[in-house]
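TrEMBL annotations:
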- 21-41: transmembrane segment (TRANSMEM)
- 80-98: transmembrane segment (TRANSMEM)
- 131-153: transmembrane segment (TRANSMEM)
- 159-181: transmembrane segment (TRANSMEM)
- 193-217: transmembrane segment (TRANSMEM)
- 237-258: transmembrane segment (TRANSMEM)
- 296-318: transmembrane segment (TRANSMEM)
- 338-361: transmembrane segment (TRANSMEM)
- 395-416: transmembrane segment (TRANSMEM)
- 436-454: transmembrane segment (TRANSMEM)
- 466-485: transmembrane segment (TRANSMEM)
- 505-525: transmembrane segment (TRANSMEM)
Amino acid sequence: MTSQPAPGRAVTWLAVRQIRRGALIVAGLAAGMTAMVAATYSQVMADPAAAGSLQALAGNPAIRTLFGVPIGLDTAGGFTVWRVGTVIAVLLGAWAILATTRITRGEEDAGRWDLLLSGRVPGPAVLLRHLAPLMAVGAATGTAITAVLLLSGTAPAGAVVHGAGTGLLGMFFVAVAALAAQVFPARPPATGTAVAVLGVGLLARMIGDGVTALGWLQWLSPFGLLSLSGPYVHDRVVPLLLLAAATALVTVLALAVARRRDARGGVLATAAGRRPRTLLLGNVALFAVRRVLRPLTGWMIGIGAYYLLIGLTAVSVIDFLRDNPALAGEASQVGFDGLGSIAGFTATLFAILAMPVGGFVTARMTAFVAAESDRQLTLLASQPISRIRLIGAEIAVTAAAAAILITGTGLATWLGVTAIGGELPINDALRGTWNVLPIVLLSLGAAVFAAGWAPRWTGPLGGIPTVGGFLLLVVAESVAAPTWIRDISPFAHLAPVPLSDASWPTTLVMVGIAVVMTTAGAIAYRRRDLRL
C-alpha cells in the first residue's frame, strides 16, 4: 500500500510546481549576468584611462541617479554590483510580485482554491505554504549570486552581503504581494499595488542617490537598503537586518489578514451594487480595448517616467562622457556607440525600449491565455464568433497599445531633454522610439505562436526576441563571439536612430517574420481545443 502525502506537504508541492520554470529562469539570469560582468572586469581595468573614468562616475549626480552610487569600482565585485545589481534586484522583485499574486489571489479568483480551502489545511497555512517556496527562490537566487562572485575570486564578505541583500529583496516583494493579495479582492489591483510599491521604492533610491540632501530616503526603500549595505566597501549588515525585519513584519501582517477575510474576498470589499458599466462592450474588439486600458495606463506611467528621467539627465550624462572618452570607448566595445551626443545617447536607450514594450505585449498575450484557462472566455467562445476573430482582436489591440507606449515614450524623452535646454527635435525622438517597433512585433509574434502551439510557454517564448536577443548581443560583444552568433540577435540589426536613418530592409525582414509567426499561431489557435 502506498502512503499518501500529508495535506500540508501536498499544498507545498503544488506551489513548487506552479513556479518552478519561472524560478529557474530568474535564478539562471541573475547568476549568468553576474558571471558575465565579473568576467569582463579585468578587460575594463586593463586600460588605465578607462579605470580613471570609472572612478569619476561617483562625482556625477546623473550617473548616480540612473545607475546607483558607484563604489568599490577598483574591485571586480564592486564593479559587478554597480553594473547589474539594481537590474537583477528589479528583475527578481518583479518576478516575485507576479508569481505571488498569480499562485495566490489568481488561483483563488479562478475558483481553484475553493476545494483546497475546504480541506484539512486552514487558509493561513495554505498561504504560508505558498509563500515558503516563493521566498526560497529569493534565497536560492541570492545564494547563486554569492557562489558566482566567490568563484570569480571576489572578497567573500562582499559576495555574501550582496547575495543576501538581493535574496532578501526578493523575499520582501513576495511578502508585499502576499499582503496586497489579501487586502484586494482581485488579482489586478493586488498586482498593481505591489508593482507600485516596487516603483516607488526604486524612485526613492534614485532620488536618494542623486540628491544628497534627500539621502535619508534610501532608508525607506528596499533598494536603498540594498545600496546602503555597500558590498565590497562597507559590507554593512544593519540595512540587511532592517530589510529582513520588514519582510517578516509584512509576512506576519499578510497571514493575520488572511485569517480575517472570507474566501474570494478581501479587506477592501467590492461594492454590493453599482450601475452597470457597459462601455466598450459592443463587440469583441471593443472588449479587448476595455481589457487593455488599465494595464496600458500602468505601463505608460512606468516607462514614461523612466524615459522622462532619461531626458532630464541626458545633458549631464553627455557632458560627463565627453570629459571621459575612455569610458565612452568601453561602451562602444559592447555595442553602445555615439554616446557623445544627445542623439547617440537617446538612440542607445531607445533600443533598450524594445524590452519593456516587448514585455507588455507578451504580458497581454499571457493574460489572454490565462483568461482562457480560467474559463473567462468560455461563454464568449461559444457564441457565433470565430476563434480567428477572437485572437485577432487581441493581437490588433495589443499592437495598437504597443504603438501608444512607443509614442508616449518618445514624447516623454523629448519633453525631458527640452526642459533642461537640450536639443532633440520631437520628430527625432519619435523616429527613435518607433525604430524598435519591429522587435516588439517579433515578441508579439512569438507570443501568439506560443498561444497557438504551446500555451504554457507564451511568456518565455514571447520574451526571447527582446530580453533573450538583448542578452545575446551583450554577451556576444563582451566575449568577442563570432559574428554569426551576434547576428542572431535582432538588436544587432537595429540602426541607431535618431543618430542615423532606419534600416528599412532590416525592418521589413523583422516585420515579415513577425507576420509569419503571428499567422501560424492564429491558425493553430483556431484548430486547437480551449484550455479549461
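Even glycines carry a Cβ here, placed using N, Cα and C.
A TrEMBL annotation is a machine prediction, not a hand-curated record.
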Segment proximity, the transmembrane segment (436-454) to the transmembrane segment (466-485), 3 or more C-beta pairs under 8 Å: yes
Interface present between the transmembrane segment (296-318) and the transmembrane segment (395-416) (three or more C-beta pairs under 8 A): yes
Distal contacts, the transmembrane segment (80-98) - CB-CB under 8 A, six or more residues away: 22, 26, 29-30, 33-34, 37-38, 41, 67-68, 70-73, 134, 137-138, 141, 145, 149, 152, 154, 158, 162, 166, 169-174, 176-177, 191, 194-195, 198, 202, 205, 222-223, 226, 231-232
Recorded stretch that, among 131-153, 338-361, 505-525, has the most CB pairs under 8 Å to the transmembrane segment (21-41): 131-153
